[in-house]
Amino acid sequence: MYIECYSCADLKCYMVLFEAEKTAIGSICFLAGPFTFLENALVLGVIAATAALRQRPSYLFISSLALADVFASCFFTTSFLDFHLFHRLDSPNAYLFKLGGVTMAFTGSVGSLLLTALDRYLCIHQASSYKVVLTRRRALLALLALWSATILISFLPLMGWRCPTGLSPPCSRLFPYIDHRYLACWVSFILVLLSLILGAYALILWRANRHEASMTGLQGAPTRGQARMRLDIRLARTLGLILLIMVGCWLPTLSFMLADVSVQLKGAQQRAFAFCSTMCLVNSAVNPLLYALRCRELRVALMRLLGGLSEGLGCCQRHVGGDTTTTLPLGEGNSCSAHSESEAPRLVSCRPNTVSEMVGKQQLDMTGK
């Protein structure tokens, strides 16, 4: 039987899972961890091997998201299983280093989601000047700033901002050696990022709705494309799915962290948090399906790479030399193309001069399908 422990002598006070819970949570990690790693590594490989894609700011942000989720699949899975299933007792510095890796992965993932949302916001709100506003150089600087801040914030406990009483109150009951003030600051930072993501997608949906309504008024009777489904309704469904998954995976975890700051959690709450934290790994597994593999250009590049690989396996010898990277006829070098067929940025190509022209272009595309 588990006995509540309010004053901890070692890390065993945080190892609270029962055998059935270990089996369930361990199964999630063993399934989601390798799957998350493979699909995000695939996204990184396709973008790195395709010259046209790796020049686009949109795909740079998707690469950052995939890299963060690769880190999450490695750091979270190994540290979580080591701690909760195999009861590995690390030194304070070793534990905080592992926790810093997990924090870096998830912070980088949410930060990359924000950059992706801002990219889509700029694409539809500043379509005519998108290529001037968001250059590849500025995208790289944004990623450099994101990852520099992420690494600094994540390893602050290892650098000295840790609980002064070791494992005893008022330290966190969810993370050994973690100061309540640091936990509160990190949760607040993540909530700000999530709020900005929600705001960006809300503005995208608002703009799409306005121009869909204006185009309907100008054209009078619905076109064939409109008869299928209004684009803003399709957009709302897609963004609703994205936000539902993101909030559903993150909100329970962040709620427990906020509760840990204000009250002293018991064993039942610690066990519930252990399960909720695996939902963040599930979010990392879903991200490539929502942000990368739904992009038509990336799928085309993937098919070409797979086709080239199958041809290579069928040949005994290949001519050596030349550029082996895959290229795509993607037109201009900086257009907002890293979006699925049903998302707002596909309403535009960032080439027409007005948003109305962009919406009209998309409707013509739909009518011709």
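The backbone N, Cα and C atoms fix where each Cβ goes, and this holds for glycine too.
Small disclaimer: the values here were computed from a predicted structure and weren't measured.
As annotated by TrEMBL, domain 'G-protein coupled receptors family 1 profile' applies to 39-291. Summarising the annotation, TrEMBL assigns transmembrane segment to 24-47, 59-83, 95-118, 139-161, 181-206, 238-259, 271-293.
Among residues of the same chain six or more beyond the transmembrane segment (181-206), those with a C-beta under 8 A of the stretch's C-beta atoms are 103, 107, 110-111, 113-114, 117-118, 120-121, 124-125, 153, 156-157, 161-162, 172, 174-175, 232, 235-236, 239, 242-243, 246-247, 250, 254, 257-258, 260-261, 344.
Outside the transmembrane segment (24-47), and at least 6 residues removed from its termini, the chain residues within Cβ reach (under 8 Å) are 17, 53-54, 59, 62-63, 66-67, 69-70, 72-74, 76-77, 80-81, 84-85, 274-275, 278, 281-282, 284-285, 287-289, 292-293, 298, 301-302, 305. Listed as Cβ neighbours of the transmembrane segment (59-83) (distance under 8 Å, sequence separation of 6 or more from its ends, same chain) are residues 11, 14-15, 25-26, 29-30, 32-34, 36-37, 40-41, 43-44, 47-48, 53, 98-99, 101-102, 104-106, 108-109, 111-113, 115-116, 119, 136, 139-140, 143, 146-147, 277-278, 280-281, 284-285, 287-288, 291-292, 295, 298, 338. For the transmembrane segment (238-259), same-chain residues at least 6 beyond its ends with a Cβ under 8 Å from one of its own Cβ atoms are 110, 113, 174, 183-184, 186-187, 190-191, 194, 197-198, 201, 204-205, 265, 269, 272-273, 276-277, 279-280, 282-283, 286, 290, 340, 342-344. Here the domain 'G-protein coupled receptors family 1 profile' (39-291) has a mean pLDDT of 85 out of 100.
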